[in-house]
Amino acid sequence: MMNHTPLLLGIRERLIFALDVPSRTQALEWIDQLGDAISFYKIGMELLASGEYFQVLDDLASRGKRVFVDLKFFDIPATVAGVIRRLSQWPISYCTIHGWHAPMMQAATEANTSNMHLLAVTVLTSMTREDLAKMGINREPVDVVVERALAAHMAGMSGVIASGQEAAAIRHAIGSGFSIVCPGIRTNHVPHNDQQRTIGIKAAFANGADAIVVGRPIRMAQDPQAAAEAMQTEIMTALTEPST
């Protein structure tokens, strides 16, 4: 079942917290600490290595939270299709697949038998043009991102993961009805760390983002719940104030 329509998000579901922790115990501590400030959680590779990944997925679902499985699958089409077929049995809202191979993405969409929405990873926000050149791709990141977004759209994917810096170009190329989820969000006084193509909250939504993924700016805050609530307020303002 090709579920290529965008996921309908409530206004407080547009802030996705990156639950990048090494254990279920720490995951539950963060879920309890953030409370109603966060309704959508991304769980990735670090938790997978703990052996407690699907317990955390169940923990989130039982608390009424949306789940984003961020494992960035990249393999031959048959293998990725098999994984997606199994994941379709779980209460997952978003799941990522690398956007480097159109047949792999199409196989994944055809294997999806649930309301899970598949997102293509375009170019990691930790990568620069120089990084792409070292991989033999001598092009601007935005051009590669748009090309992969178009391929994902043609393959029936629901949307993409991309820097907010490229969201406007994606929206111009594809239009509405295609989800753009943006990591690499940085607020004032928060180090960029390994993120390169970063953007602020207001700019990301102005460029056409549907949702943002935030990890360290919340985890590193003196009061993480207050930081998350402040971001929710900024998102609401960005989505409701008239554009200039």
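Glycine too: its Cβ is placed from the backbone N, Cα and C atoms.
Taken from Swiss-Prot as is:
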ACT_SITE  LYS72  active site, proton donor
BINDING   ASP20, LYS42, 70-79, THR125, ARG186, GLN195, 215-216  substrate binding site
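Positions of Swiss-Prot features highlighted on the structure.
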{"residue": "ASP20", "record": "substrate binding site", "Cβ contacts under 8 Å, 6 or more apart": "GLY44, GLU46, LEU47, GLY215, ARG219"}
{"residue": "LEU71", "record": "substrate binding site", "Cβ contacts under 8 Å, 6 or more apart": "GLY44, MET45, LEU48, CYS95, THR96"}
{"residue": "LYS72", "record": "active site, proton donor", "Cβ contacts under 8 Å, 6 or more apart": "MET45, THR96, ILE97, HIS98, VAL121"}
{"residue": "PHE74", "record": "substrate binding site", "Cβ contacts under 8 Å, 6 or more apart": "VAL80, ILE97, HIS98, TRP100, HIS101, MET104"}
{"residue": "PRO77", "record": "substrate binding site", "Cβ contacts under 8 Å, 6 or more apart": "HIS101, PRO103, MET104, GLN106, ALA107, ALA108"}
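Taking the binding-site residues THR125, GLY215 in turn and counting surrounding C-beta atoms within 10 angstroms, the largest count is reached at THR125.
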